[in-house]
Amino acid sequence: HISAEIMQLHHSKHHAAYVNNVNVVEEKLAEALGKGDVNTQVSLQPAFRFNGGGHINHSIFWRNLSPSGGGQPCGDLLKAIENDFGSVDKLREKLVAAAVGVQGSGWAWLGFNKESKRLQIATCANQDPLQGTTGLFPLLGIDV
């Protein structure tokens, strides 16, 4: 269970700041592109990655939530979990261990590897987006 206060803080403060900041960076980037200012374009990349990643990650995070919980996985997802992890409980153990292992700020993810057609657990530092850093398609994210 995550309190309403924490969710409000995440939505109205954290996520909103990422969206506002990525919009500012996009404006500066467009200006630098128009001027052919490569130095500024390069210098904006860390802020673009951090704030853009924060927006991407939190957008996925909100889609993962439900006021009454999501229940147990079923269908193809359950089959994939059992095939790749043995059981839902084993997946949960590994995902929690990955989240606990994140040093500082970051994310623990359940992602889908399109090449191997398998589920994988991965972590990303700070607000680095899963797909952009690992190539995995994000299914479930835990903000650490």
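Quick reminder: no glycine exception, Cβ is built from N, Cα and C everywhere.
Within 10 Å of the C-beta atom of H58 (Mn(2+) binding site) sit 21 other C-beta atoms, taking all shown protein chains into account. According to DSSP, H58 (Mn(2+) binding site) sits within a helical segment. The feature Mn(2+) binding site is assigned by Swiss-Prot to H10, H58, D143, with similarity to another entry given as support.
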Cβ contacts of H10 (Mn(2+) binding site) (under 8 Å, same chain, 6 or more positions away): H58, F61, D143
Where D143 (Mn(2+) binding site) sits in the secondary structure, as DSSP reduces it to three classes: strand
Beyond the site residues H10, H58, D143: chain residues whose C-beta lies within 8 Å of the centroid, for Mn(2+): H11, H14, H15, G54, N57, F61, W62
